[in-house]
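**Student:** I am attaching a structure below and will ask some questions about it afterwards.
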Amino acid sequence: MSHISFKGCSFLSHLDSFQFDISSCQTIAASLVFATGGLFLLSRGLSFLRALFSIFILPGKSLSSFGPKGSWALVTGASDGIGKEYALQIARKGYNIILVSRSASKLSAVASEITSANPNILTKTVSMDFSENNDEDYEKLKDIIKDLDISILINNVGLSHSIPVPFVQTPEKEMKDIIAINCLGTLRVTQLVAPGMMQRKRGLILTMGSFGGLLPTPLLATYSGSKAFLQHWSTALASELEPYNIHVQLVVSYLVTSAMSKVRKASMTIPNPKAFVRSTLNHLGRSGGLFSYSHTSVPYWTHGLMAWGITSFLGAMSKTVLGINKSMHESIRQRALRKAARESGKKAQ
């Protein structure tokens, strides 16, 4: 009996030890979960502080660090909206301006506005339709700029869809125009300007990106793809030109009041061109809320916070973001189609 009792005690002893091991493992697992969660929250907290410092506190580089006053800035898509505002604000900082866009009359008006406000500033205008991708236009531009000290290039020219549209229904001309303007136009102008900057060992190249390139955007597939292309191209170019002391930066924006966005009223999340460009020029070299993307800036404060939140918690390429984007643009498309139907009905009457 005592022998049996001894074995029973031995079994109970092992059982207690086993239960203790399970309890210990559970405690360790819980500690690891809490530690991991704590590290995640700490990293996100530090990331948020970094974003706040970049957006609100740390100063950007001055334009004069990229080239002296009296040198030239070339701005594409300069006839109105963001491009016009870049030209006006850079001219006020003492740089001569080359205005490039399609409408000669609008370019002349912008040039007159610049010289009226800044009598010592020189301007040149180049009228060309980027959708044509015409070699003669680029040769003309090359001849005009060949002897100029261009220290700043603003790749602003761009085109989106007239309304959100499924890719298979996208008009062929619209599709080709978007690629010719957003991609080929930007590449060809940069290829004309960059060699001079490399010789002078200084310069600034800003290219307008978009949330549409950061986030895949259904019903704006061609536009979204063109802006995503610019994201990768600009970042790669930045690495190539960095040894020549040329700063290349993609500027990412959400909506800005403009003819292309079709938004007329400014709000906290949708600035007007003046406020957006001022923020961009004040944050040169700063990432805003998108520091996980090299050589990229989201300069306007609400856009920067939005970009930080999306990339930190949801993921720019996630199904959640994709679904939200799709629903939003499907709704915009339906409203646009209803508006077009109403206007067509009024004309028929």
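A Cβ is built for glycine as well, from the same backbone N, Cα and C atoms used for every other residue.
Just so it is clear, the model here is predicted, and its values are computed rather than measured.
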**Student:** For the NADP(+) site that Swiss-Prot assigns to LEU74, ASP129, ASN156, TYR223, LYS227, VAL256, SER258, which of ASP135, ASP137, ASP149 is also named?
**Tutor:** ASP137
**Student:** In the three-state scheme derived from DSSP, which category covers LEU74 (NADP(+) binding site)?
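**Tutor:** The residue in question, LEU74 (NADP(+) binding site), is strand (DSSP, three-state).
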**Student:** Of ASP129, ASP137, which of the binding-site residues has the most Cβ neighbours inside 10 Å?
**Tutor:** ASP137
